[in-house]
Amino acid sequence: SDTSAHYKRGAEKADGGSSGGRSGRSGGGLPGVSASGMGLRLSQKFVFLLFLSGLVTLCFGALFFLPDSVRLKRIFLSKTEIQPVTVGSGSENDVREHLKRPKEQGMTSAKGETGTKGKSLSRKPSVSHEATEERLAGGKAQEDLTLSRSKTESASERATSSDRGANSDTFSYQKFRGCLLKAPLGRDNGKPGDPQTNERREKVKEMMKFAWDNYKRYAWGKNELRPLTRNGHIGNIGASIIDSLDTLYIMGLMEEYNDAKEWVQTNLDLNSNGEASLFEVNIRYVGGLLSAYYLTGEELFKNKAMELGEKLLPAFNTPTGIPRGVINLGSGTIWSWGWASAGSSILAEFGTLHLEFVHLTELSNNPVYTEKVMNIRKLLNKIEKPHGLYPNFLSPVSGNWVQHHVSIGGLGDSFYEYLIKSYLMSDKTDDDAKRMYYGALEAIEANLVQKSPGGLTYMAEWRGGILDHKMGHLACFSGGMIGIGADDGAPEKRQHYLDLAAEITHTCHESYTPTKLGPEAFRFDGGAEATATRLSDRYYILRPEVIESYMYMWRLTHDPKYREWGWEAVEALEQHCRVESGFSGIRDVYTMTVSHDNMQQSFFLSETLKYLYLLFSDDDLLPLEDWVFNTEAHPLPIIRKSCLQDETTQDKTVSK
Ligand code: DMJ
């Protein structure tokens, strides 16, 4: 009713305006209108028809472009509402997707495939009921840090001592620690020697505490904080808590970390009948819990991760084994996103499971997880790829591509990321992943990488051979990705890859203006040079990708400009996104008087602030020799098979 009242007011205003202006002439009739007032002259009919057809074309055009820059941010869908309960839904694209969903959902033929809930599992990991660890009382942050870390260390010692009596089949935390080349948190928790850098790092820590405290105060247990209205965004599965565990831990915010841990222990309900995005649950929850386990040795996190992993298995019960995008965690029913063409699965979704699933096999000693992701890879290897490229939509029934849209940004992005990271995480033994990554990169370079008239290197999108000269903010992660993969490329290409990584990162930095924050998508045509030309692309939802590339490029080159660019971003976040009760995305990065979107995304806590903190830390905080970051910035250790199987391996840090 609000809408119709608004519409009526608008119509009245228009009427009033025109009648007032025309009334003087109305006695003689309006020019061009016949005496009856109903008929129109031929020329007017023509103009009217022209206008109508223009409008129709515009609408079709808009529909065509709708899914382009969508990052599918849904995690848990509500049981009762047709529209999904989302995480990360601050994006206008997501809102548009929601609007499309109700109608299309009914048309999704795939809805309703039921999985054989975890049949193949030999044993069911139980939820940990270990007693809640006593929370540390008060004290200053620094005291907490020392005290609590030693408490957590004793947790990892507990884990290791229980390992000793365990069946040799089960994962040994002690051995895992012994196989790390360096202590995960470095010599001095990554504290940089240079005072200015340290001050900057402390500032980032303060931002994390501020974001966390407000989330805790106003939205505890909800998925995300709405900082303007001071409440939680729909969804009660604590996405911000799981996403924050490792960030709080590495920053030494131990009181906060312990609150988060206690919530996981007592409130994380994985038996809910909620419907979930396989991709989002995997990267945020499985990834977040795995990282928390590997960093702290707390069995609780391992058990929760394995319990969740088992619940995701029915998603793979399709004719090809390519999982569908949505799953009901209670019943195991699966279906495809209503908006994905012809019930297809999304490359960036089914292609972003590998790291976590391999670790689930490591921890559970159950090969089923690795088998599932290896099967995806096998199919991708088998099917024909247009120009060597991987399109974004694939049918889980026929195993064929559904459309020829290729993007290194939304819908495609983390598939490429997981290829190179699978190789790195396997201690460089997964040659298949290596071959696929460099093959894909070659095809991307040949078909998508472009240079703008102004000399900026960018990744265009590809639609059946036609280039769309736009780059999404999401695609900016590729600077870092190409950077970390440079060293393992063909010797003659190594420097080239490093240069390409630096150029892409530079382009993304160029898009951060004038607020020093960047738009959701920017273009390189019609005279545009890394600028958003559509109003609807001008928003910034606290995304991490540009900062992520700064962090990797800093680690790889130690060029001080990356730290300077990171600091620019910190200042901009403080100036434009910090509000009284948290951080919020903004609707237009090109106006200095910003309008806030009222969402503190959970990836701001897991990624944006973590990457900034790492950027201002020494390289020995989560060293890249030992860790890869999943696509939600949750660190996962490199698996050193031979070391892990060696009887004599000892945890150097514990014995020390
Ligand atoms: C995060 O959820 C992940 O990084 C994902 O892969 C894509 N980007 C969002 C944040 O922008």
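Glycine is no exception: its Cβ is also placed from the backbone N, Cα and C atoms.
Residues or ranges marked as active site, proton donor by TrEMBL: E280 (among others). Under DSSP, E280 (active site, proton donor) is assigned to a helix (H, G or I) in the three-state scheme.
There are 26 other CB atoms within 10 A of the CB of D413 (active site), with all protein chains counted. Feature annotation from TrEMBL assigns active site to D413 (among others).
Neighbour density for E520 (active site, proton donor): within 10 A of its CB lie 26 other CB atoms from the protein chains shown. The annotation active site, proton donor is assigned in TrEMBL to E520 (among others).
Around E545 (active site), the same-chain residues at least 6 positions away in sequence with a Cβ under 8 Å from its Cβ are H473, L474, A475, C476, F477, C508. The annotation active site is assigned in TrEMBL to E545 (among others).
Per TrEMBL, the feature Ca(2+) binding site maps to T631. For T631 (Ca(2+) binding site), applying a Cβ distance below 8 Å and a minimum sequence separation of six or more within one chain yields I283, G287, T352, D413, S414, E417, Y418, F477. According to its DSSP assignment, T631 (Ca(2+) binding site) is coil.
According to TrEMBL, the compositional bias 'Gly residues' annotation covers 17-30.
Positions annotated as compositional bias 'Basic and acidic residues' by TrEMBL: 130-143.
The compositional bias 'Polar residues' annotation in TrEMBL covers 157-169.
Here TrEMBL flags C476-C508 as disulfide bond.
Feature annotation from TrEMBL assigns transmembrane segment to 46-66.
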Which whole-number value in Å describes the distance between the Cα atoms of E280 (active site, proton donor) and E520 (active site, proton donor)?
20
Within 10 Å of each Cβ, count the other Cβ atoms, then let me know which of the disulfide-bonded residues C476, C508 comes out lowest.
C508
Report, as a single number, how many Cβ atoms besides its own are within 10 Å of the Cβ of E280 (active site, proton donor).
23
Just the recorded positions from C476, C508, E520, T631 whose C-beta lies under 6 Å from any atom of ligand 1, please, or none if there are none.
T631
